[in-house]
Amino acid sequence: MTSSNEQLVDALRASLKENEELRKESRRRADRRQEPMAIVGMSCRFAGGIRSPEDLWDAVAAGKDLVSEVPEERGWDIDSLYDPVPGRKGTTYVRNAAFLDDAAGFDAAFFGISPREALAMDPQQRQLLEASWEVFERAGIDPASVRGTDVGVYVGCGYQDYAPDIRVAPEGTGGYVVTGNSSAVASGRIAYSLGLEGPAVTVDTACSSSLVALHLALKGLRNGDCSTALVGGVAVLATPGAFIEFSSQQAMAADGRTKGFASAADGLAWGEGVAVLLLERLSDARRKGHRVLAVVRGSAINQDGASNGLTAPHGPSQQHLIRQALADARLTSSDVDVVEGHGTGTRLGDPIEAQALLATYGQGRAPGQPLRLGTLKSNIGHTQAASGVAGVIKMVQALRHGVLPKTLHVDEPTDQVDWSAGSVELLTEAVDWPERPGRLRRAGVSAFGVGGTNAHVVLEEAPAVEESPAVEPPAGGGVVPWPVSAKTSAALDAQIGQLAAYAEDRTDVDPAVAARALVDSRTAMEHRAVAVGDSREALRDALRMPEGLVRGTVTDPGRVAFVFPGQGTQWAGMGAELLDSSPEFAAAMAECETALSPYVDWSLEAVVRQAPSAPTLDRVDVVQPVTFAVMVSLAKVWQHHGITPEAVIGHSQGEIAAAYVAGALTLDDAARVVTLRSKSIAAHLAGKGGMISLALSEEATRQRIENLHGLSIAAVNGPTATVVSGDPTQIQELAQACEADGIRARIIPVDYASHSAHVETIENELADVLAGLSPQTPQVPFFSTLEGTWITEPALDGGYWYRNLRHRVGFAPAVETLATDEGFTHFIEVSAHPVLTMTLPDKVTGLATLRREDGGQHRLTTSLAEAWANGLALDWASLLPATGALSPAVPDLPTYAFQHRSYWISPAGPGEAPAHTASGREAVAETGLAWGPGAEDLDEEGRRSAVLAMVMRQAASVLRCDSPEEVPVDRPLREIGFDSLTAVDFRNRVNRLTGLQLPPTVVFQHPTPVALAERISDELAERNWAVAEPSDHEQAEEEKAAAPAGARSGADTGAGAGMFRALFRQAVEDDRYGEFLDVLAEASAFRPQFASPEACSERLDPVLLAGGPTDRAEGRAVLVGCTGTAANGGPHEFLRLSTSFQEERDFLAVPLPGYGTGTGTGTALLPADLDTALDAQARAILRAAGDAPVVLLGHSGGALLAHELAFRLERAHGAPPAGIVLVDPYPPGHQEPIEVWSRQLGEGLFAGELEPMSDARLLAMGRYARFLAGPRPGRSSAPVLLVRASEPLGDWQEERGDWRAHWDLPHTVADVPGDHFTMMRDHAPAVAEAVLSWLDAIEGIEGAGK
């Protein structure tokens, strides 16, 4: 074959192979498009107290009618609205419906929403939020685990009649009414609150909304728009408007009950509720081990088009719809057993729907197998936008229970239908629906919108699950933990109660599998508890008894230290149970046995198991090696379960164990030290000394023994816990003296005197036997209680271990150093019994391991649970069986116990303002404080307490809480609902009450009430202002003084008063803004200046407005907002923008020098030149950002400064930023628009005066305007994003050219809605989206400085 022929053959082979691959890919795509979608989770709430799909099924199966009268909380005055005679204007002849029991209830704090925003929110949004959280939990998915993933949100939401006219909205709800009552926000709020990044779509096709949403979600899953879809619908009737409107049409059933497909049908009947599904591709659900409740085989939507009328149903369209859905499912009509009908109970709609079903599903059916037809609306009314998904949940439950429930209120089938035209039967009685070999059970669900949009889906029973392998028993021989957590203590109590009821009721539950589900499918929150038991009954009992639970609260997890005590922890049989129940413990003990055996003539295991031939723990040369082995083996157990030390600390002989765990000694060397040293003690010191523990400080102890020369201080264990050692007779003498003086003293049961001069007699012997040790460099930080410092070199030689035995143990000072200077918050005593835990200071968390006579798996699991309850990250997988979160055999666990408060704006009558309640009251600040130089002074503790009380009152008032007690003192205010609006309102209130000039960002700089109170108290102390408890008159005046934001501007308080401010206002009104800037620049020369960064009189610490440390760990860039030059500027400029970066990136804002308060509380110094100011900022930024790459962002004049700062960082500090974001800058040479709009600019400054424009700030603005007016020396090499406003600030003549922001250097452009000011206020999310997209691009392509 010629070469050319060979090439041709090769080419043909390659082409055939490529074609085959293309065909395979085409088949894969086709299979993907046709793949059924799995329903893996469901949640719902309906009338009659229905809170779950199980409740719904129980009600439906029992044939319950859930219609009731209008709840009083709605405030409708139904007696005035009701008129039994139809057609009278403004009245309704119906007073019944299937109302939600708690439509006003909502756990706002759980979602970080303030009470005043919750009050402004449509209850439909609130219901969707809680149901969406629950659907993840019910699917066995931790809701926190989906944050940042491509979960799509598709929800149906119709009526939006909750909010009143925004002009008469309740006080304090301004800024929340629009978003709180926009149907578009309903889906977006779910995505925002849960961090979901797939599509977020709200559908309003009236009654078909949620089923249309389901159809769109199925398409999104098949197209790859999302990997998981949350689908739902909601309906809450906030006003009687729907009753009045449909009463005028006489379209409603007078008794409020749906009589679907019945001769007695007399109109629709309203219901309320929320229904949510969670869907995945079937293959994904199986791969992830998620339980499949049912599958959606097919769906279709269409429109009636130009039919009999806008709101009239259209039979041919419904028939076409059903055929479309069956085709999508690749099924025939006879493959479907039942249809959940739309069935609204109207005399027009029901016959049309029934005829469409007869013409489609009613044809071609086998004898005796009619299509069954029912409607959930007969139980729960017409739940409008929620009704479609509600019907899906009903049919999924019917599939699971094998029963088709009956439809209520059907006297007989409607005579408006020829039922003989096909094989369709109404479910007037319940019918069994068992599984059948060779035939899958299927159901159709219909929903038709009043505007003509129709939807139909086909459901199929879940595919058979392969037999699961038997669940392996947990490592602890049946002992399992059930962890529970909540956002608040009250919610935790409720959660515990729910789980206890679950353990009581669900006798089929496997405790180990339920434990795994609790771990895998529930978010770990701050308030925690754990029940430990070896059976369902034991766990139930533990949950019922407070003393049976481990409880804790997570604050700052801080750092973890392992503590290894000296003697005194031993007890006969310690560790014996764990030898049999903990493989990790047994393996570590076996290693120790091997290491000890060359130096001892007894067996470690025999001693632990108390074998008759084994020596007892009474001998020092036995107890010390055994205690060592137990401690290091327990350390291995802690590490196996995910708790690893960031430092180790040992007490006396405990330092040997600590050294081994730290890697500073090998196991062989550690065994040598502990055995040979204890043998020397037994041979030479035993019987010659004693030790005593005193409840005294070190200094008081020293004074006590100064005349007892045979005694010395052996150890300092705590502030009032000191150990003395020495001669036995003097020990007795000291004990008697202490007893006589009422001082607690305990003689330690040892007969030798460690840490005293007695030890000097064995110095030479220890030098000999411990010669040749090979100390290592510690791999885990080792803090020496002998040296009082870190051991960082291989220094633990024989001499060290002599000194360790001879000299004082500085345990308490060591703990203080680790806690105060090194950030250690958790100290785990790794021992068979705790002896040091109770000596730890209150500011740290002390945890034990085993306890005397309680050393088995139950105690170990309890100790591990205590660690988790107090905030440590436990590896639950090491404690629990390896199984999926929820297998088909596992009953559903209780969902989160939301803590509801009532939020409801009642409808107003003619000419009235709406009433509103947040738990039925106006939140006010009830009490005040007297401030100022004339007040009766409190001591420091009293002042801090008084200030904290004031902070709590004002925070409660701003958030519209019932009382200050609802505001957690140690939780960040952002997490309980503070945002940019409430932060400013709160700051204004506190400033007015105290006379201070706190910045609007103060709640972000000092995020918790405690931290904030400390800042305020310190500032008052600096000013020498006293604080006193308020008089009755002062208590009455505080709320008036703390008027809400907007009632009085910052300028009106006097804080912004001054000659220049008044002149500036006049200049703006006269359209002489630019001229006055020159005046301010000239006058600024008379303000004191600083000429080097070191001389800057302000703290320029950047304020963390959003994000967290996770981003830095990932190497993603930190965003730094460069505050602008405006006199009202500061880090608060970025409050609204930064909200969109929460959970995305760290967002810092750095102040500009010259605008704040100097260190002596006077006016800050101005920089002598721009580079000096930039250097001061650069130092602050580099300190705050650490090793993380930095992206600078500025708006307007701040944008110009951001570029100058980038150049300065690059050239003067060798730290070029990863990028620069310039938001609407107008640099020199391109300032014509600024000159034309100078008046609008000035007016904008006064309109946005969150920070009062004092004379000092105006002069600073003038100084920086002069700095930026001239040419600058260079340009930064960092990539630049230019974000431009899309709307002019004022009138603009086209012949002037382009008014938009300009930048001469290379850059990327993003245009966003709004003008120069509103882009950073009303359209801040659009700016954030542009910035985030650009950052992702530059980090993906260029690495963004990683």
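Cβ atoms are placed via backbone N, Cα and C, with glycine included.
Sequence-distant neighbours of CYS207 (active site, for beta-ketoacyl synthase activity) (same chain, 6+ apart, CB under 8 A from its CB) are GLY158, HIS342, THR344, HIS382, GLN384, ALA385, SER387, GLY388, ALA447, PHE448, GLY449, VAL450. Taken from Swiss-Prot, the feature active site, for beta-ketoacyl synthase activity covers CYS207 (among others), and the record attributes it to sequence analysis.
Taking all protein chains in view, 30 other C-beta atoms sit within 10 angstroms of the C-beta of HIS342 (active site, for beta-ketoacyl synthase activity). The active site, for beta-ketoacyl synthase activity feature in Swiss-Prot is assigned to HIS342 (among others); the stated evidence is sequence analysis.
Look at Swiss-Prot and you will find HIS382 (among others) tagged as active site, for beta-ketoacyl synthase activity, backed by sequence analysis. For the recorded site, HIS382 (active site, for beta-ketoacyl synthase activity), the DSSP three-state label reads strand.
Taken from Swiss-Prot, the feature active site, acyl-ester intermediate covers SER652, and the record attributes it to similarity to another entry. Remark: SER652 (active site, acyl-ester intermediate) has PRO565, GLY566, GLN567, ALA715, SER754, HIS755, THR785, ASN804, LEU805, VAL809 as non-local neighbours, by Cβ distance under 8 Å and separation of at least 6 in sequence.
Other Cβ atoms within 10 Å of the Cβ of SER1196 (active site, nucleophile) number 24 in total over all chains. According to its DSSP assignment, SER1196 (active site, nucleophile) is coil. Summarising the annotation, Swiss-Prot assigns active site, nucleophile to SER1196.
If you average pLDDT over the coiled coil (3-32) in this model, you get 73. Feature annotation from Swiss-Prot assigns coiled coil to 3-32.
Annotated region 'Module 6' per Swiss-Prot: 37-1332, in sequence order, evidence recorded as a curator's inference.
Look at Swiss-Prot and you will find 562-844 tagged as region 'Acyltransferase'.
The region 'Disordered' annotation in Swiss-Prot covers 1028-1050.
What Swiss-Prot lists as region 'Thioesterase' is 1127-1332.
Over all protein chains present, the Cβ of HIS382 (active site, for beta-ketoacyl synthase activity) has 29 other Cβ atoms lying within 10 Å.
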